[in-house]
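K.L.:
Quick paste of what TrEMBL says about this protein:
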{"type": "COMPBIAS", "residues": "A:1-10", "note": "compositional bias 'Basic and acidic residues'"}
{"type": "REGION", "residues": "A:1-39", "note": "region 'Disordered'"}
{"type": "COMPBIAS", "residues": "A:21-32", "note": "compositional bias 'Acidic residues'"}
{"type": "TRANSMEM", "residues": "A:91-117", "note": "transmembrane segment"}
{"type": "TRANSMEM", "residues": "A:137-163", "note": "transmembrane segment"}
{"type": "TRANSMEM", "residues": "A:283-303", "note": "transmembrane segment"}
{"type": "TRANSMEM", "residues": "A:341-360", "note": "transmembrane segment"}
{"type": "TRANSMEM", "residues": "A:380-401", "note": "transmembrane segment"}
{"type": "TRANSMEM", "residues": "A:465-495", "note": "transmembrane segment"}
{"type": "TRANSMEM", "residues": "A:548-565", "note": "transmembrane segment"}
{"type": "DOMAIN", "residues": "A:718-783", "note": "domain 'CBS'"}
Number of protein chains: 2
Amino acid sequence: MEDDSSHLAKPEAPNAMEAEAVVDEEERDPETESNYLNEPLLKRNRTLSTSPLALVGAAVSHIESLDYEINENDLFKHDWRSRSRVQVLQYVFLKWLLAFLVGLLTGLVATVINLAIENIAGYKLLAVVGFIREERYLSGLVFFTGINFLLTLSAALLCVFFAPTAAGPGIPEIKAYLNGVNTPNMFGATTLLVKIVGSIGAVSAGLDLGKEGPLVHIASCIASLLAQGGPDNYRLKWRWLRYFNNDRDRRDIITCGSSSGVCAAFRAPVGGVLFALEEVATWWRSALLWRTFCSTAVVVVVLRAFVEICSSRKCGLFGAGGLIIFDVSDVKVSYHSMDLIPVIIIGIIGGLLGSLYNHLLHKVLRLYSFINQKGKLHKLLLALGVSLFTSVCQYCLPFLAQCRPCDPSFREACPTNDRAGNFKQFNCPAGHYNDLATLLLTTNDDAVRNIFSSHTSSEFHHTSILIFFALYCILGLITFGIAVPSGLFLPIILMGSGYGRLLGKLMGPYTNLDQGLYAVLGAASLMSGSMRMTVSVCVIFLELTNNLLLLPITMIVLLIAKTVGDSFNLSIYEIILELKGLPFLDANPEPWMRNLTVGELADAKPPVVPLCGIEKVSRIVDVLKNTNHNAFPIVDEDVLVPGTVATCATELHGLILRAHLLQALKKKWFQTERRRTAEWEAREKFNWVELSERKLKIEQVAVTHQEMEMYVDLHPLTNTTPYTVVESMSVAKAMVLFRQVGLRHMLIVPKYQGAGVPAVVGILTRQDLRAYNILTAFPHLPTHNHQQKHN
Amino acid sequence: MEDDSSHLAKPEAPNAMEAEAVVDEEERDPETESNYLNEPLLKRNRTLSTSPLALVGAAVSHIESLDYEINENDLFKHDWRSRSRVQVLQYVFLKWLLAFLVGLLTGLVATVINLAIENIAGYKLLAVVGFIREERYLSGLVFFTGINFLLTLSAALLCVFFAPTAAGPGIPEIKAYLNGVNTPNMFGATTLLVKIVGSIGAVSAGLDLGKEGPLVHIASCIASLLAQGGPDNYRLKWRWLRYFNNDRDRRDIITCGSSSGVCAAFRAPVGGVLFALEEVATWWRSALLWRTFCSTAVVVVVLRAFVEICSSRKCGLFGAGGLIIFDVSDVKVSYHSMDLIPVIIIGIIGGLLGSLYNHLLHKVLRLYSFINQKGKLHKLLLALGVSLFTSVCQYCLPFLAQCRPCDPSFREACPTNDRAGNFKQFNCPAGHYNDLATLLLTTNDDAVRNIFSSHTSSEFHHTSILIFFALYCILGLITFGIAVPSGLFLPIILMGSGYGRLLGKLMGPYTNLDQGLYAVLGAASLMSGSMRMTVSVCVIFLELTNNLLLLPITMIVLLIAKTVGDSFNLSIYEIILELKGLPFLDANPEPWMRNLTVGELADAKPPVVPLCGIEKVSRIVDVLKNTNHNAFPIVDEDVLVPGTVATCATELHGLILRAHLLQALKKKWFQTERRRTAEWEAREKFNWVELSERKLKIEQVAVTHQEMEMYVDLHPLTNTTPYTVVESMSVAKAMVLFRQVGLRHMLIVPKYQGAGVPAVVGILTRQDLRAYNILTAFPHLPTHNHQQKHN
């Protein structure tokens, strides 16, 4: 991210805080003493900020921070004042309209995806059943593997060649976006299309991945595209939309999008809102709760409407299920205090397995990123290899299972040869079923439904469930990192339900709980153990299983699993965020941050580059070319009457953004003398809509030799009220401000002003406040308890 | 609240922002120019801050702000640094232990309350049934009215004489507390006890009020008492608890308490968490979500355990119901797009009725507060009058209803003479039931259960429901303000279910929806229309009714009702907050706040009273006696080496709290000369536990004549890093900081420092940022759109 930093010679003021400095005095760079006008503007070594690079999609990209601060420069202020009541109403109305549209479009897209997957996978499985019935087992294998291969190929080709950012779940990037990290190409139209088509392909191919994560990303893309009025190159220039050209409003809409996505994935509207609140969003407010709730309500209504339309087989194989996917509402939940013991065991094992899964997945992802870096062909081969392995296992393993006779006590048809159904005949004689085929040779959704099924304690053999569990452990580890859109929810649910049901079989004689319930609790515990969400997982499972009486035991399982998991490692999303190098800012400062002042941080950074209120064009061009800072403090004299000639002094006037400097150059906002302009002049020159633009690069701006000698009045473009902190403030306290208000740049002012003291000691950005970066720059910090946050 | 304000002569600096000042120049007070040492320290007229008074319980009390800022003075910093890993673990462990204990105790207390109410009210009703069966109608009336009278009397006596703060629901005050307003005696042990006993009395007396609001208050009291280690006078001096002696941690625990309370009231754990999130809490973070969830999980487990224990009539009449109170899970929800029309109608009517109810209740509360001010006897008489009216209506009105024959298609026993039961025989012949008695002559909980009952479309006659609805509209308006613990949820649910069921009867021929469902939706719509909550009401209703398929229509009803209600007036809690004068700080700044700078606000306030870093005792005593400010800026020289003699200059050193000044006087932290002390001296003198104390008054501190001439070194007690904003910042932007970080005092620094410019222009507090107060001080502000917040 940007590493703006300040120079303006910092004299070693005899400051009371100085005595406690953690860095040795000798480590400071003597160059800070030199005059900033002669500063080389090049980055130095031994600085605090790491490079603003992260892994986005497959490539290492330059990422930017978002800015939620209210920019109070003359132009924006004027715009705000001139907004009429009607315009404010337009703005409010548009917010609601967008929330509604996000819900509507997400619901429609989710329906299309479900429809496509159910039909493609369904007809594929029907054909396989046909081969098996004719005992043409080898042809069946070739057909099954071949179709899956082609589906994976299409998904992987799209992801590799058109939108690398569409691979994976996308949830970590959304989480980072809502935390204030803007990753390029994450919410574009290409990404959206590739994600939709790729997701259909990958899920239909029977890979061990879900459409849940991708749906969240898809919904966020929809939200982002709606807010900016269409794809980058073909934006709608609707006047109303210009009010949304700021990071705050886009953040809110993308939050709506992410909750709509979860809602569409699990058909869980309250769970969707809570997921956005608990896992994805960094900033939250009551009004947002209401708006996301509106979006998810629309999603559910759209989904229900289509399920109703499709209920009579009008949509091919889609439309069997209602709003609830894994309905276990007919389980009579009657549990006693003794049943707490298996519940606690499930929680503990879930936590252990979850953290183990996180640990192993981390290793696998590291290995995969090594393979993926070798080129596009390697990526394709990896994805196809995984697909082949998955298909072969899913097809061949059921032959290992013994045929089991249908028990008349089963409530469902047995055996079945349909696409769905709980008792697949597969290679068995009439009146018998193959329990492993029921779990493997089906869509992932149906596999979950089958293993969750209640009143079927004798359906599965130990060994079958064990094989199922082991296979999905392996698949869950090797599938996630390949270059197709892939969600993490379903693999974890599959693994968890496997071990849960297995545990249920083992504890069968000692418990009253249904084995389907064990599978549900196992899935919940593994989700909590790996993703470390509690409330939202709980509500999602409630909405999935439609049984509120499960609530108390689900809660206990989730809390135990999260506690156990947290004592080993970070949540899976945090691990992925770290792996990708996205500078996510944590909610709680580390305890040792209380012992470090922001002044010390500023000392470890390259000096800030201040500009004068009325600056020479050549210096601005110079500064923009030679630094990658995104904001520059403006220093000035205190008395500046418009029209008079000014000199550059050392009082802080405000902060100017790189984008606004570029606009000043592009618009040729030049004058021949150091003169303060009147407010109306700037207002005539600049349009605040243009000022919201961020895409301009210094290379795109041409300045003639003659213009280089002219001056620019930066005052109208300067944010005159940046948030400042005093240099003696602890990093922990400064971080509260930075994160709560959602800053991009935080100015550090000296404790005591006076002659020779600079107006700005430094500028802190997101990167500077990350624990890892600080610890790299200050290796001597006492971090004996830096793992232990006080939450 | 405190109105600290700053003086230090503010010269009319030719500031760029000045031109836009909204206040006329002439309105400024010329006194601000005078030397602060000669300042009279008296309050002036025409100031911004209103008095820090609010209606707490029945009395007008002095309220204080809470302070969530990290106080970085030398002593606290030292304490933090010296905390070992073990102590940090203790702190984390204790947080969880407290969350657990809050849940446990809330569950136990809720069980006791339920048990007492069910038994008292149950045996009362059984006795009444006995009288009716013997046709001794007048004796029945006397008995019913008399018992209710006595129960109300006991509740009212307790509330009037022992704990006036226990009257009412308590939720507005909790909301204010979590927003940062500390109301005295709100969370004491007496309040807790009176609330428990009073709530049992008031609900058993059959008054139109619920135990839901009081339970939230009770749970918050439990949380507060636990966090401070017991009642004020008998506090546990456990070492571990001292970590909780700050406003941040108490805020978190009370948030846990409030969600536990809702959970205990509705047995809705997720709803409880969401209620705390949506309605009560101002600050929220992920860790809190998890901890409140833990508390509510414990509450549910405790409640379930007792329900199980009591299931076989071991606890008298308590224990019939399970976890779900109003179970409508057997309603087959099959609705089509046409059913949207009644759903929308319910939503609109709910919004209209809700806002009308808010409007009328506001008038009634104003009238009641007028009556209540006349004395304790008036309060008692009011409560008893309402009780008499309620009892007479509940007993006599059923005689108006015609007896209806029992229909064999009813699923339940008919008629019943039990305490509970859906078809009360009352005065009817065998085989008949009185539908109005079913609704009126029962506990409120049972009334709700009966009117929610499904598959009973012919049970109630139009007129009966109309009478029920009309009666509860009247009771709902006149009962809330009387001096007993009273919740708002149940009256609103009763009213709403009445109109919902009525609407269902009217629309019967045109709809497929069950009439019980209409009642549920009516109740939800009125709650949303009056309280303006959406997500939490939705989840509470889901958990109450145990039917997830209701979700989409419930959501639509809630959203419509809230939208309609919002276009008329504020939510009922906000109305009560305003009525009580509690300075609640809104989430969104008003649009016109963008056009006003904090500097202008500071000008409208009395000047701040700065102290020197090393100050004379006499001046400190003087300042403390003559102002009610709670914080004072410390101005100082920039170079201050310990041991040297210092002078008082105009550089800002930090902010000192009144409580800490009082500690310095009490501990006699005096010295004979203006000398800077070393850090260890202060550390030996002061204990940071004492510094967390707030109760000390200046009258309790004795200073001798001789000591008056001595000096105090305030540096070690000064918070050296208060959050500051520049005077040209808009109020809207400053408010973001104030509210997001949870400040008590916000320092305003001048735009340009320099000779003669004060270090601090002003101090803003909560009161100064309230829209109402600003508009009073700046009557010329263009507020044409101040109703319209951009949320």
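Cβ coordinates are placed from backbone N, Cα and C, and glycine is handled just like the others.
Where the annotation comes from TrEMBL, it is an automatic prediction and has not been curated.
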K.L.:
Can you check how the pLDDT averages out over the domain 'CBS' (A:718-783)?
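P.N.:
Residues in the domain 'CBS' (A:718-783) carry a mean pLDDT of 84 in this prediction.
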K.L.:
With a cut-off of 8 Å between Cβ atoms, can you find at least three pairs linking the transmembrane segment (A:380-401) to the transmembrane segment (A:548-565)? Only pairs 6 or more residues apart in sequence count.
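P.N.:
Taking Cβ pairs at least 6 residues apart, the transmembrane segment (A:548-565) and the transmembrane segment (A:380-401) are not in contact, as fewer than 3 fall under 8 Å.
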K.L.:
Using DSSP, break the domain 'CBS' (A:718-783) down into helix, strand and coil residues and give each count.
P.N.:
22 helix, 12 strand, 32 coil
K.L.:
Between A:91-117, A:283-303, A:465-495, A:548-565, who has the most Cβ pairs under 8 Å to the transmembrane segment (A:137-163)?
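P.N.:
It is A:465-495 that shares the most Cβ pairs under 8 Å with the transmembrane segment (A:137-163).
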K.L.:
As a test: from A:91-117, A:283-303, A:341-360, A:465-495, pick the stretch that has the greatest number of Cβ pairs under 8 Å with the transmembrane segment (A:548-565).
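P.N.:
Stretch with the highest Cβ contact count: A:341-360.
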K.L.:
Which sequence-distant residues neighbour the transmembrane segment (A:465-495)? Criterion: at least 6 residues beyond either end, Cβ under 8 Å.
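P.N.:
Same-chain contacts beyond the ends: 58, 152, 155-156, 159-160, 164, 166-171, 194-195, 198-199, 201-202, 207-215, 217, 265-266, 353-354, 357, 360-361, 364-365, 368-369, 372, 379-380, 382-383, 386, 389-390, 393, 397, 400-401, 436, 439-440, 444-445, 447-448, 451, 501-502, 505, 523, 526-527, 530-531, 572.
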